[in-house]
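One structure is given here, and the rest of the page talks about it.
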Amino acid sequence: MAKKTTVKDTSPIKQDNDKTAKLEAFVADDRGEKLTTNHGVKINDDQNSLKAGDRGATLLEDFILREKITHFDHERIPERVVHARGSGAHGVFKVYEDMSDITRAAFLCDPGQETPVFVRFSTVAGSRGSTDLARDVRGFAVKFYTQEGNFDLVGNNMPVFFIQDAVKFPDLVHAVKPEPDNEIPQAASAHDTFWDFISFMPESAHMIMWLMSDRAIPRSYRMMEGFGVHTFRLVNASGVSSFVKFHWKPLQGVHSVAWDEAQNISGKDPDFHRRDLWDAIEAGAFPEWELGVQIVAEEDEFKFGFDLLDPTKIIPEELVPVQRIGKMTLNRNPDNFFAETEQVAFHVGHVVPGIDFTNDPLLQGRLFSYTDTQLIRLGGPNFHEIPINRPVVPIHNNQRDGYMRQTINRGKTSYGPNGIATNDPRQAKAAEGGFVSYNERIDAKKIRARSRSFFDHFSQARLFFNSQSEAEKNHLIDAFSFELGKVKMVDIRTRMLGLLNHVDKGLAAAVAYSLGLHVPTIPLAELNGSIPADADPADYTPEQKEGELAKSEALSMAGTLKDSIATRKIAILAADGVDDQSLSKVKDALVAQGAIVHIIAPKLGTILSQEDQQIDVDESFLTAASVLYDAVYLPGGINSSATLEAEANAVHFLNEAFKHCKAIAADATAIQVLEATYFYKKLPDEYSQETVLREGILVSDDLSSSAELFAKMIALHRFWDREVPRKIPA
Ligand code: HDD
């Protein structure tokens with residue numbers, strides 16, 4: 001255990017909880033200290049190795065050099081086989097009301113209890129250094145440090161999965177990862193092997209609709225939903241079990257960027273999501289989610305048109321509403337990325353009394369995989385002793401030894417039953433908090449097979465498509481066209497069209513048009529490439545079903561919360577001669593609502609307003625880009641406008657902001673800058689509140705009084721209707 005030293009806070013906000021207080025014991029702070037070896041010897045010269053003469057050979061005796069180089073040589077650990085790139089944060093969770101009627105999990109029964117959490121968000125396919133804005137699923141893993149041990153909710157930002165059985169997981173991951181001969185492409189599913197695999201896996205149909213939707217390119221980790229995906233069980237103190245689906249509902253709304261924007265951000269700031277999460281927490285704008293549950297009584301297991309154990313299905317919220325039962329707030333950044341975010345080890349099998357598993361075959365396989373992967377990733381069986389992984393409650397058992405063991409277990413016994421230590425540590429009765437597995441009755445033959453109740457692959461994929469807004473549907477069509485367009489082998493594209501045709505004929509036809517292909521007719525019986533050698537293919541033929549609903553509001557992002565501009569990034573484009581009033585009044589009004597406002601000018605340093613005021617510049621047109629902002633404002637000032645009109649980067653900034661459907665506001669005296677943009681001719685004729693909130697463009701001769709309206713525009717996030725027709729030069 002590292003020596004405990006006093007840690008002075010460097011960040012403005014450090015929220016403490018039970019877990020972070022325990023982490024303090026492991027924190028080391030070097031400020032004001034002397035340099036030492038790992039064994040505590042003070043070092044006098046860290047600039048020169050020990051040599052025979054000042055030009056001589058280096059001596060093997062130099063234990064300081066050897067120790068430093070050796071440690072450095074061993075600094076890297078294997079990255080996660082999936083979800084390698086991620087960002088973490090500490091926080092707390094509190095349940096709103098006592099849930100003891102459905103679960104005995106203590107942290108869900110006591111509204112007075114604050115449970116520390118550590119959350120890691122991630123992309124799936126890319127390696128540790130890849131871009132945040134890849135089109136991908138996002139991991140959403142939460143470790144609750146409860147008073148009954150750790151509970152890990154290891155979910156994603158999409159509520160379903162590609163495959164139904166864990167035995168196919170290595171195939172899926174091999175297909176999506178860079179191709180093995182040339183390791184191309186990084187962090188992308190737009191390549192032959194991924195779509196080759198998917199085209200033979202009709203069970204993926206629902207998931208690929210989510211993956212091709214804007215959910216796969218979030219604006220921020222803070223603006224994503226989270227889902228436990230599988231059906232789990234909640235069990236109350238009387239042993240009564242209910243099925244449950246877990247949800248995280250962000251109080252910041254669910255927002256995404258445009259695909260062209262995502263690709264640009266990947267170059268301009270590959271750490272966009274990591275930075276966004278970090279900055280928001282440092283600024284005290286703590287992201288919040290409500291924990292939602294959909295509860296299904298045990299006796300209702302078979303009342304749906306799909307199987308609750310099938311991880312490619314949601315329970316539509318119209319059939320079972322999501323009850324919001326508590327709130328999670330992320331309020332503290334980690335002190336050290338490696339020690340916390342990299343070494344945190346999640347496992348779906350980490351449950352506490354009152355939470356249990358179902359027989360979902362994907363979940364069952366995951367129950368094996370997570371501990372297994374930590375053994376190689378973190379180097380041995382004692383990874384639970386790494387500070388970030390320790391529960392806040394003590395550990396007592398007869399497990400011993402292994403690489404890097406930290407605990408010093410006292411006494412002679414490491415077995416049970418024993419008499420020498422009066423049989424300690426003892427088992428706990430259920431009433432004392434002992435975990436008792438749900439006594440599910442199982443009476444079955446041992447068999448490798450898939451239930452016929454798992455073969456409705458298209459009705460929920462179609463439900464998802466039909467529930468999207470017009471703009472979201474267009475984005476889906478564009479995403480399929482892009483991804484399949486990157487596939488080199490034409491027969492893979494064609495097979496995918498045949499598969500999509502079973503989801504929605506219009507979708508398949510639109511994608512086929514982009515690809516310059518015809519939609520083939522592939523009979524249901526020929527769709528599935530995932531059939532055991534001796535099976536009757538009829539047992540593996542997908543079913544074409546209508547589904548229970550035509551539309552589900554919750555599946556679209558169109559109706560999400562749009563009530564705040566807190567933490568939204570606004571660019572103010574300005575140059576010397578800017579009208580001070582028109583700049584500062586709007587800036588102050590936006591900052592007052594929690595927005596982050598940057599002044600962007602032709603060069604760094606300061607600009608001089610027309611009133612001779614010096615104004616600090618945050619970014620230049622070289623260091624900033626419109627894709628890193630949510631909205632743009634052009635203040636007035638004749639000289640400033642003349643400079644910006646002639647500054648190609650400023651005009652490009654505006655063109656891109658328009659292309660990506662962002663809110664744009666301008667002082668009427670800056671109209672000449674807008675005249676230089678390609679969208680000038682598309683500006684509305686008048687700027688009534690209604691037009692402005694529809695078009696997202698505001699030109700006003702008194703923006704200080706219109707700042708409120710501009711804020712409303714920004715809160716609306718995007719004006720996707722501007723995309724019709726969608727081809728815009730920028
Ligand atoms: Fe997984 C990591 C989520 C299926 C095997 N998974 C991992 C992480 C998340 C998920 C969020 C990153 C955790 C972190 O931040 O450290 N995985 C899911 C979801 C799934 C899913 C929501 C389907 C519903 N996973 C899945 C299957 C298997 C795995 C079917 C294997 C049979 N997952 C792993 C893993 C990883 C992992 C290999 C890699 C790193 C790690 O566990 O710690 O064990």
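Note that Cβ sites are derived from N, Cα and C of the backbone, with glycine treated the same way.
Within ARG80, ARG85, ARG324, the residue that TrEMBL lists together with ARG120, PHE169, ARG366, TYR370, ARG377 for binding heme is ARG80.
Separation of the C-alpha atoms of ARG120 (heme binding site) and ASN156 (active site): 11 Å, rounded to the nearest whole number. There are 21 other CB atoms within 10 A of the CB of ARG366 (heme binding site), with all protein chains counted.
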